[in-house]
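Listed in Swiss-Prot for this protein:
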- 3-388: region 'Nucleotide-binding domain (NBD)' (REGION)
- 14-17, K73, 204-206, 270-277, 341-344: ATP binding site (BINDING)
- 396-511: region 'Substrate-binding domain (SBD)' (REGION)
Amino acid sequence: MAANKGMAIGIDLGTTYSCVGVFQHGKVEIIANDQGNRTTPSYVAFTDTERLIGDAAKNQVAMNPQNTVFDAKRLIGRKFNDPVVQSDMKLWPFQVINEAGKPKVMVSYKGEKKAFYPEEISSMVLTKMKETAEAFLGHNVTNAVITVPAYFNDSQRQATKDAGVIAGLNVLRIINEPTAAAIAYGLDKGSHGERHVLIFDLGGGTFDVSILTIDDGIFEVKATAGDTHLGGEDFDNRLVSHFVEEFKRKHKKDISQNKRAVRRLRTACERAKRTLSSSTQANLEIDSLYEGIDFYTSITRARFEELCADLFRGTLEPVEKSLRDAKMDKAKIHDIVLVGGSTRIPKVQKLLQDYFNGRDLNKSINPDEAVAYGAAVQAAILMGDKSEKVQDLLLLDVAPLSLGLETAGGVMTVLIKRNSTIPTKQTQIFTTYSDNQPGVLIQVYEGERAMTRDNNLLGRFDLTGIPPAPRGVPQIEVTFDIDANGILNVTAMDKSTGKANKITITNDKGRLSKEEIERMVQEAERYKAEDEGQREKIAAKNALESYAFNMKSAVGDEGLKDKISESDKKKILDKCNEVLSWLEANQLAEKDEFDHKRKELENMCNPIITKLYQSGCTGPTCTPGYTPGRAATGPTIEEVD
């Protein structure tokens, strides 16, 4: 497949599900995967024989919970000792280890212990999305726009970009999910005059509220707020806890320590939750959930709403906060846009509607697909798409957190305020604190607190060689420059000497080095080749099996009774049975072994079948077009990844 230089895709890399779209022929296509689903679970599973990504990974999670990795987005760009990582680790069935301060996921793959960075897991999901798009478009795709929550800090954005590189993508830009949804919305509406839009994005794992102004094709993010740990999974957890208690009451047994039982229960709870968005009651039927006990139960919508009442009500706090940040009254909001699968929950919609005094909510865009839709449009814009639908769109994003440096006494001096439109550049003059000070330490922080110790250190560097002078005399010009991806460059220059030093905020926060990314790219290629090898192996096994069965049924055919001697018939049947029992015992043999066995079987059967031809036989093996020695090549049914 040749790459199409002018085509770029938009990927919504979600905590629980991902989605990919492409802008072509003047409209966005959301692309279905090989299972026919327009969203793909952000799951990667490792087994003794293969690696599975997406639906195939999620479908086997109950049998293999320790080696099925999800929620990589909760780990990406974070340190191991981050409180979020520490609290989430208690809930995950897979193991997370600490390697030089960074979290890695430990799994067993092909009988060996392997540890992966979150970037590598996310890159596998991105590879799946890339392949989904390539299968649809019929050519290679390398250019992509990837979305992240508005709340992601610099290191999380950078790590997401790295994941794209490992997956073999050229990441044109990282954009905020609500911004992407606004683009989708702007295209849908063809806006006239300035409109204030509130985007309420409640997905599988994160919750974001953003306020944007759309005016004449220009999008500006006015404020963002949210909760990095609220979403559909939390509602599932409430249901799981509820049913674990119910099981205890009914059967006097605690299933909470049995990972497989909990996982099966969780799958049923997720299904019940979806049902409750359109029905007022859902039934759960799980056969042999624990110690042979069948669990049949039901739940009403009202009970579900009660179980999650505090979580649902809590979604309004970020709405209020973003309105305060944008200095806007709720009456000034023109449109309320729902994004994310969890916004289908009727109670969530009702709370939001009541808060906005009964205003209609905008549900015209499929909430699961809005973000990928907008990312696909943005990808087309960046590739210079000339379609009038996208021509007039301009995109202004914001810095999610204030950026600044430490000054005397550990004070946070802000250069770029939170919610500033990016790209942006700010310069300020600083000076020395003591006489004849030869250098200054520039320490860069992000956060909203007054003291740097309460904020997040991004990086530090020294500017040395300042000529001796009394305190307060030297002039040091510090520039903060954020590009469109939200990546920060900080420069400090001594104005008297012109001497300067700079830092690009990446590495200090645990960004992967070039070498590590290079290694991961190669490993990703290797895994892809292994996956390919696995598919070929299965094809060879199936070919051998179907050939053996075909031969058995051919020689057992009534019409051939007189045409084939008993000894020949016995020879073929014995050999076929021998091959089939070898197959039973050697399911994991190599491709070459399967091919070799088939050759062996063909060499024995071909002369006998050829003899039949020459004797002018009739029957299934003698129909025109039947080639001896060729396995049936009907559709191969196998577990797809």
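Yeah, the Cβs are placed from backbone N, Cα and C, and that goes for glycine too.
These numbers come from a predicted model, not from an experiment.
As a whole-number mean, the pLDDT of the region 'Substrate-binding domain (SBD)' (396-511) in this prediction is 81. Neighbour counts were taken at the CB atom with a 10 A radius for the binding-site residues G14, G205; the maximum falls on G14. Looking only at other Cβ atoms within 10 Å, the busiest spot among the binding-site residues S277, T343 turns out to be T343. There are 14 other Cβ atoms within 10 Å of the Cβ belonging to R271 (ATP binding site). Listed binding-site residues: Y17, R274; maximum Cβ neighbour count within 10 Å falls on Y17. The secondary structure of S277 (ATP binding site), as reduced to three states from DSSP, is coil rather than helix or strand.
Each residue of the region 'Substrate-binding domain (SBD)' (396-511) gets a DSSP state, and the totals for helix, strand and coil are 6 helix, 58 strand, 52 coil. Under the three-state DSSP scheme, Y17 (ATP binding site) falls in the strand class. G205 (ATP binding site) falls within neither a helix nor a strand when secondary structure is assigned with DSSP, and so counts as coil.
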